[in-house]
Amino acid sequence: MSDIHEHKILILDFGSQYTQLIARRIREIGVYCELWAWDVTEAQIREFAPNGIILAGGPESVTADNSPRAPEYVFNAGVPVLGICYGMQTMSEQLGGKVIQGVGEGEFGYAQIEMLAQSALFKDIEDAVSADGKSLLDVWMSHGDKVSAIPEGFVAVAKTDTCPFAAMSCEEKRFYGVQFHPEVTHTRQGMRMLSHFALDICGCAANWKPSSIIEDAIERLKKQVGDDEVILGLSGGVDSSVVAMLLHRAIGKKLTCVFVDNGLLRLNEAKQVMEMFGDHFGLNIVHVDAENRFLDALKGEADPEAKRKIIGRVFVEIFDEEAKKCVNAKWLAQGTIYPDVIESAGSATGKAHVIKSHHNVGGLPDDMELGLVEPLRELFKDEVRKIGLELGLPYNMLYRHPFPGPGLGVRVLGEVKKEYCDLLRRADAIFIEELHKADLYNKVSQAFTVFLPVRSVGVMGDGRKYDWVVSLRAVETIDFMTAHWAHLPYDFLGRVSNRIINEIDGISRVVYDISGKPPATIEWE
């Protein structure tokens with residue numbers, strides 16, 4: 001088995017919104033990488049022993065006092081270095097070049113760079129040719145400052161009309177700087193540039209692939225837990241499902257999954273989870289029907305934050321009770337993933353590389369005295385999904401739209417009642433079913449229904465009815481930080497509305513939410 005961590009790239013984060021994207025791109029190329037804050041020590045870099053280092057972007061100005069710098073050792077480690085945006089500027093300044101503050105002539109958005117010299121980073125890459133025969137590349141810029149003089153030993157590799165050094169290189173030392181962002185899709189050949197850097201310049205082998213990651217995870221799990229028993233809170237979500245499958249492969253019946261049905265799940269979800277993991281895959285599952293317990297605890301509570309806390313607290317109580325019944329369990333498995341582990345490196349203290357302990361089970365009791373097993377803690381969400389496919393989990397389950405931890409508890413506005421949850425479940429199922437039928441489900445990033453605790457007059461036949469209102473919500477987004485409401489066809493919305501009102505006794509009106517984020521959030525609560 002090839003060692004998936006044998007070749008690796010270290011990415012130093014200076015606070016750019018794109019930094020995690022760089023890491024995901026390097027991994028897509030097939031190379032393992034880690035993301036650390038910019039102020040790491042020489043000892044930490046030596047211990048990690050990367051085959052190459054990427055200095056990422058950031059919002060600061062190299063010209064400002066106390067702005068972040070790469071550790072000096074980066075340039076003495078004898079490995080290739082790629083500086084992106086701020087990373088290029090700090091590389092230039094630290095090695096003797098000059099950076100000037102942008103005054104009203106920064107570049108933001110699409111730009112075309114003209115190639116001035118050959119470079120291993122840009123080998124055989126070209127988007128267009130200028131009238132005088134120069135290679136041109138379509139890239140994405142986002143910078144105010146710019147390099148005004150490059151360090152000794154470097155050559156200018158590319159320019160734009162306003163940026164004389166859009167790319168620079170010192171081929172002898174294998175140092176490269178690009179003022180644009182190769183990691184975003186708007187830079188058309190960005191993946192090829194990153195591939196040149198990781199595979200050709202750094203000499204990494206593409207060992208990081210789903211089948212190898214699974215083999216490695218199973219080996220490590222066997223080594224970590226030995227013959228001990230493990231307990232896992234299985235929610236039916238992507239992360240816990242993939243953890244369950246990995247552990248099942250590694251230790252079989254020594255895994256006990258606890259599935260808590262809180263009464264706040266989607267239509268038939270509990271049944272589907274039990275059928276898939278229990279009947280189909282043969283996992284050992286304890287099914288706890290706790291609907292009444294959760295609804296009793298939520299009685300009379302309308303505040304969203306308080307509802308979240310109640311749902312979290314009751315879950316922990318139930319999980320703790322079930323864990324105590326598993327008297328031989330020595331380990332608790334969790335679906336922690338890499339973004340949970342990374343603290344954004346743009347922190348004011350500069351101490352962001354201190355890994356945060358992340359409990360996505362929501363603060364389990366300290367007296368559980370179980371060791372922690374986190375087989376996904378190196379993986380991004382898209383990698384977890386690919387591994388899930390490889391492990392045999394169904395595509396439509398792995399690529400389902402996000403569902404909040406508290407479930408319908410935050411999609412029923414105000415107080416949560418069984419009647420409201422039952423109506424909402426059915427309305428939401430109709431909306432999702434129609435999205436699939438119209439081939440729209442995968443064209444939106446997230447779609448769901450919200451129950452509004454308001455009654456509205458409606459007409460059915462000759463009679464009037466006075467029933468509840470639901471709102472449909474569908475958004476398009478890349479990163480869920482900002483989102484646009486989805487412009488679904490009117491006839492489609494009409495069809496969904498008609499079905500909900502005609503098929504569900506208790507709902508008299510359907511509205512469509514046309515708020516973007518910002519100013520609204522994606523979820524209503």
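Note: Cβ is positioned from N, Cα and C throughout, glycine not excepted.
The active site, nucleophile annotation in Swiss-Prot covers Cys85. Long-range Cβ neighbours of Cys85 (active site, nucleophile) (same chain, at least 6 residues apart, Cβ-Cβ under 8 Å): Ser16, Ala56, Gly57, Gly58, Ser142, His143, Val178, Gln179, Phe180, His181.
Feature annotation from Swiss-Prot assigns active site to His181 (among others); the stated evidence is sequence analysis. Its Cβ taken as reference, His181 (active site) is surrounded by 23 other Cβ atoms within 10 Å in the chains shown.
Secondary structure at Glu183 (active site), taken from DSSP and collapsed to helix, strand or coil, is coil. Feature annotation from Swiss-Prot assigns active site to Glu183 (among others).
A helical conformation is recorded for Asp239 (ATP binding site) in the three-state DSSP classification. Using a 10 Å radius centred on the Cβ of Asp239 (ATP binding site) and all shown protein chains, the other Cβ atoms total 20. Annotated ATP binding site per Swiss-Prot: Ser235, Gly236, Gly237, Val238, Asp239, Ser240, Ser241, in sequence order.
Swiss-Prot lists 8-207 with the feature domain 'Glutamine amidotransferase type-1', giving sequence analysis as the kind of evidence.
The domain 'GMPS ATP-PPase' annotation in Swiss-Prot covers 208-400.
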How long is the line from the C-alpha of Glu183 (active site) to the C-alpha of Gly236 (ATP binding site), rounded to the nearest angstrom? 32
Within the same chain, and leaving aside Ser235, Gly236, Gly237, Val238, Asp239, Ser240, Ser241, name every residue whose CB is within 8 angstroms of the centroid of the CB atoms belonging to the recorded ATP site, in sequence order. Leu234, Val242, Val243, Ala244, Gly335
So which one is it: of the binding-site residues Ser235, Ser240, Ser241, which has the fewest other Cβ atoms within 10 Å? Ser240
Note: in the chain of Gly237 (ATP binding site), residues six or more apart in sequence with C-beta under 8 angstroms of its C-beta are Gly335, Phe403
For Val238 (ATP binding site), what is the tally of other C-beta atoms lying within 10 angstroms of its C-beta? 23
